[in-house]
Ligand code: AMP
């Protein structure tokens, strides 16, 4: 299995694209703020003015990367933007998107959310025929495939490139005269389209970004669809062979904001219902229901409502500390939990507490939270998790560690409970999750819970004796 540090670097990110508004880059900037939860490591915007693409990218939060003067350097009526979710060893500026490249017939910018499972094969093929890579991001292969395609015109090149990609991609492209959105045939990652009252077309990872810039939601970019926006209007191509739809259920569990509608379902309603189901499945005598903010909040409200036990704010989240999971090193992550969450003694002391969180990955966060609540005087701590146990890594863009690091892969629920130090532990049963989704359950990917992977990375198919041609991270040698 490919370790996290060896994976291609698409990962969970946020993308936006705008066509037909003289404030395109400013609107992109605002939309990226709304998508900030999808990635905090880097942000970038590329705009097109007078047929020329100009871009600014930087490490850090959107508010750290951009200011008034930088945005004024990105004029034009079309733009694309990206927020990047980085992982260990890869926090370098050159990996921050959008990427821009010039090829024989023009320039193209691209922003990508997702993860390509055939990145290694494509990169080896391209390198064999002379391509030189600048980053360790799987998105760069898309640009090379466009540049080396023999097809004409640009859209045919783009479609030709997309047809060679396997895995998860929600992409926005910007050229001198077009904005293009493309989504992989499984539709793993979300991508929606909206319109502003002045007719400007907007693409975004989540509907919360449309709301912020006052664009009305029109529809999803369909799985396998390519939508082209230019001066002739909006046209849709559906050229990729249509696969079974496999939308990522983890968007609803953790990634998306509760005010978004993702894959046609309200994230808030999904999480609230999950909380209710958890209360039915795993009731316990308790005095108070609390959430691990923010990700467990809505499910905790559902749990409290169903169980008839009051919801209270037993943990206060500092809004000045980023998501601790993205810190590359375990030691720093350990500090992160205390920095981020403070217990409210008055709510917890002497109480039997139900605490609701969205998921358990390695199990380290939960153990610290349970300890924190007990140190604040809670008599009992009952942990309720608003997802099934995560037993497998994601190859489609959610940053999960290797399977060996997943606590639910290694331990049973009882063993996990003992490890975490809770008085009881319950997860949402996978069957209940599927039951909630009803007839649309088969259109969701739940591989991280079930092991049913719609498409496996090619290297996992290698025979044990096969030559391992995996791409290693490029090593920069010091100049003597
Ligand atoms: P841990 O079990 O300590 O590895 O961390 C679990 C917590 O990390 C969960 O409660 C989530 O809130 C959060 N989390 C889950 N999946 C992800 C992810 N892919 N990226 C960032 N944070 C995550």
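If you go along the chain as it appears here, the first residue is 1 and each next one adds 1.
Glycine is no exception: its Cβ is also placed from the backbone N, Cα and C atoms.
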Given TrEMBL lists 357, 358 for Mg(2+), the same-site residue among 266, 295, 424, 440: 295
Of 238, 248, 286, residue recorded by TrEMBL at the [4Fe-4S] cluster site of 394, 445, 448: 248
Sorted by sequence, non-248, 394, 445, 448 residues with Cβ within 8 Å of centre, [4Fe-4S] cluster: 188, 249, 250, 396, 398, 446, 447
Binding-site residues close to ligand 1 - of 295, 358, 445, only those whose C-beta is under 6 Å away: 295, 358
Beyond the site residues 295, 357, 358: chain residues whose C-beta lies within 8 Å of the centroid, for Mg(2+): 253, 254, 291, 292, 296, 299, 356, 359, 385, 386
Neighbour count (Cβ, 10 Å) for residue 448 ([4Fe-4S] cluster binding site): 29
Segment confidence, the domain 'Glutamine amidotransferase type-2' (13-232), expressed as mean pLDDT: 95
Spatial neighbour of residue 357 (Mg(2+) binding site) that is closest, considering only the recorded positions 13, 394, 448 and their CA atoms: 448
Residue from 13, 295, 358 whose C-alpha is spatially nearest that of residue 394 ([4Fe-4S] cluster binding site), among the recorded positions: 13
